[in-house]
């Protein structure tokens with residue numbers, strides 16, 4: 001469990017000047033991790049930490065030998081082409097490295113001279129997947145999304161009776177998850193119009209994004225053991241932005257009775273930076289449930305979960321069309337929401353997932369499910385914003401969309417704000433639709 | 001695509017005498033692959049090939065340097081703790097190694113002296129997973145299973161309208177797949193009795209097996225590219241036995257709208273041996289579809305798929321209870337079926353899975369879905385045999401079962417027979433239910 005400590009102090013400033021600028025996603029209070037190298041180079045990918053507009057190269061930090069104990073072990077493990085080993089070390093190692101990095105990057109640190117040579121401008125780097133995702137599970141934690149989508153797929157029965165009892169989730173595809181910048185052809189598949197006798201085959205006509213958070217598991221559990229809710233967050237390394245692209249017309253035809261399949265597995269995109277659970281401590285909020293709703297079964301209930309199990313992570317989505325790029329027009333924001341609306345907490349997801357003995361491995365990822373808020377304008381997908389494709393939304397340059405068109409780039413951002421603490425951000429996740437092959 | 005060649009000749013005999021005994025699963029015409037080491041040793045796991053009651057140690061074969069060209073490269077890659085690299089090399093390498101092994105193990109081979117020291121009795125070894133399974137997808141290809149289970153979950157609507165058009169599948173959990181011998185605690189979870197107002201939490205009461213084949217992908221495809229049906233089998237390395245354990249009461253409550261989740265991901269068990277697609281060439285059969293049924297869309301149709309796209313892989317299931325073990329009573333066979341009843345072929349599964357651009361990696365696995373045959377006695381699960389838990393089945397020692405009890409071991413076997421060819425077998429996959437924790 002992560003609590004407020006000296007690394008969250010909003011009076012801290014860094015000797016990296018850009019980290020002290022107002023509005024940066026990456027002040028010294030954030031310190032997220034990624035895997036990077038200089039763009040278009042043949043360098044090895046290795047771990048890095050964002051600080052202002054720079055990446056701190058953990059290979060150089062590890063080789064400099066300036067940390068000791070758990071922090072030294074942790075940075076050594078993070079000097080690799082994937083963060084899995086570091087993520088699997090557990091909370092005390094993550095905290096030790098965070099504290100060591102916070103102290104080393106602070107104004108007045110003795111390590112400034114050593115580490116100035118370890119900075120690479122973010123504008124000069126490329127990222128790879130931050131870790132190997134063995135298994136990816138997508139949850140469905142926004143009751144607003146579940147109700148809105150349910151009413152389109154099952155008008156007579158939008159929210160199924162299990163929703164308020166079970167943190168509904170399903171297994172997704174790991175192989176097709178890639179890092180921000182992913183560009184992929186419009187998927188093809190079977191669809192069936194309501195009035196057609198037979199299905200037809202062709203490019204998806206209702207291509208959509210889903211605004212989600214990705215939640216990375218750190219330390220896993222043995223098969224047959226479960227993770228109690230009191231201990232669940234100790235297994236959660238951190239969070240990223242996640243676009244779970246969806247082919248709505250494929251989904252409508254294929255999803256019964258075993259769930260979404262080809263409608264989802266053609267591509268999913270994560271942001272390069274993992275913001276640690278510890279960095280998010282100041283932005284925790286109460287988790288409550290309407291007293292008229294069923295309260296969780298005992299295994300999904302804890303005092304800490306009630307008190308601070310939610311995270312107020314704000315997110316928005318923008319679309320940049322081909323025309324906008326040609327016209328040098330800024331991307332058009334289409335909605336904004338927050339993870340605080342989630343009907344289930346991260347701890348509840350972790351505990352539910354393992355209550356049957358299912359095992360996590362370091363680097364496994366959970367999707368939060370589309371994070372739609374209570375208002376229509378806070379919907380996390382075009383399916384919802386366009387009311388099932390019935391109404392177009394108008395972009396800031398006058399173009400209209402019901403679903404995504406070829407050449408559209410979808411840009412999601414995330415950030416946290418709280419009274420008395422610095423704003424921190426997640427960077428962005430971007431992905432682009434290419435024409436069908 | 002694998003066709004009949006000299007390695008399938010039923011007149012071939014091996015200098016390994018046990019490979020020539022009638023009834024062996026592993027004559028020289030089979031040559032399946034596994035990862036093994038001597039039991040209870042600290043040896044490295046490495047590739048092995050079954051021949052009679054022995055394992056041919058591929059580490060020794062590789063080091064002996066007796067093969068050349070693609071066969072040498074292939075055996076070198078198979079000398080590893082997982083077969084992924086070898087599997088990713090593709091059809092020509094798999095065939096070259098099979099041919100080289102067939103020739104080296106034949107009666108009269110020049111390599112007999114060299115290879116006699118490379119044999120380890122199967123009774124002395126332990127197995128690990130044959131490869132790292134990145135992603136696992138479970139299909140639903142038995143229309144008899146789909147109809148029988150559908151009638152229990154949805155009496156008014158057993159077979160959904162998409163079934164005859166779409167090879168229905170969903171993503172499963174990789175982390176909890178283990179090799180034969182897996183023992184796991186009875187899963188706990190939420191269930192809701194039809195007459196109850198609220199769900200309750202506790203150990204699963206309707207624990208079941210599912211008789212499936214596992215289908216291993218060899219060479220993968222790039223994200224955004226699809227695998228045409230004419231080329232699909234070139235990507236299929238081989239087949240194993242697969243028990244997709246299922247918690248039916250958890251499943252009934254959780255599975256809508258996103259499919260099975262905790263009902264499946266607590267454990268799944270594969271047989272140690274992968275029987276290659278090439279070894280199965282003599283047991284191919286026609287794939288036909290009732291002329292009153294819709295015929296496949298064009299992307300799922302090919303002449304070769306019609307002509308020989310099915311495999312007559314026979315399978316049976318036995319239960320060994322604690323009492324049987326105490327009484328030294330043989331396991332009780334409960335059903336027998338064949339993969340030839342599958343409504344969709346392996347090539348159709350591969351092509352459908354990638355038609356949207358989804359990518360396979362070497363070692364990915366497809367489950368066939370429960371392979372129930374047309375007759376009630378050929379059902380591949382207890383759910384079906386007990387007609388939804390309404391009727392007990394009687395085991396050969398007089399014990400009765402509706403679902404699995406603690407201490408039960410489930411044993412699945414598979415084999416192929418065809419006129420003019422030797423019988424080959426898959427060995428077995430076994431798993432045991434421990435009491436809930």
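Glycine too: its Cβ is placed from the backbone N, Cα and C atoms.
Keep in mind that TrEMBL annotations are predicted by a computer and have not been checked by a curator.
What TrEMBL lists as active site, proton acceptor is A:145. Other Cβ atoms within 10 Å of the Cβ of residue A:145 (active site, proton acceptor), summed over all protein chains shown, number 28.
Residue A:210 (Ca(2+) binding site) counts 28 other C-beta atoms within 10 Å of its own C-beta, drawing on all protein chains shown. Residues or ranges marked as Ca(2+) binding site by TrEMBL: A:138, A:210, A:212, A:244.
Taking the Cβ of residue A:154 (substrate binding site) as centre and 10 Å as the limit, one finds 14 other Cβ atoms among all the protein chains shown. According to TrEMBL, the feature substrate binding site maps to A:140, A:154, A:251, A:255, A:370.
Cβ-based neighbour count (10 Å, all protein chains) for residue A:244 (Ca(2+) binding site) stands at 26. In the three-state DSSP reading, residue A:244 (Ca(2+) binding site) counts as coil. Here TrEMBL flags A:244, A:264, A:268 as Mg(2+) binding site.
Sequence annotations record features per position, and here TrEMBL assigns domain 'Fumarylacetoacetase N-terminal' to A:29-130.
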Model confidence over the domain 'Fumarylacetoacetase N-terminal' (A:29-130), as mean pLDDT, sits at 98
For Mg(2+), residues beyond A:244, A:264, A:268 with C-beta within 8 angstroms of the site's Cβ centre include exactly A:138, A:172, A:173, A:176, A:177, A:210, A:242, A:243, A:245, A:246, A:265, A:267, A:367
Chain B neighbours, taken from binding-site residues A:140, A:244, A:251, A:255, A:370 with C-beta distance under 8 angstroms, are A:140, A:255
Cβ density check for residue A:255 (substrate binding site), other Cβ within 10 Å (all protein chains) comes to 24
Within the same chain, the residues at least 6 apart in sequence whose Cβ is under 8 angstroms from that of residue A:140 (substrate binding site) are A:146, A:163, A:167, A:168, A:169, A:170, A:369, A:370
Once DSSP output is merged into helix, strand and coil, residue A:251 (substrate binding site) belongs to helix
Sparsest Cβ environment (other Cβ within 10 Å) among binding-site residues A:251, A:268, A:370 belongs to A:251
Nearest by Cα to residue A:154 (substrate binding site), of the recorded positions A:145, A:210, A:212, A:244, A:268, is A:145
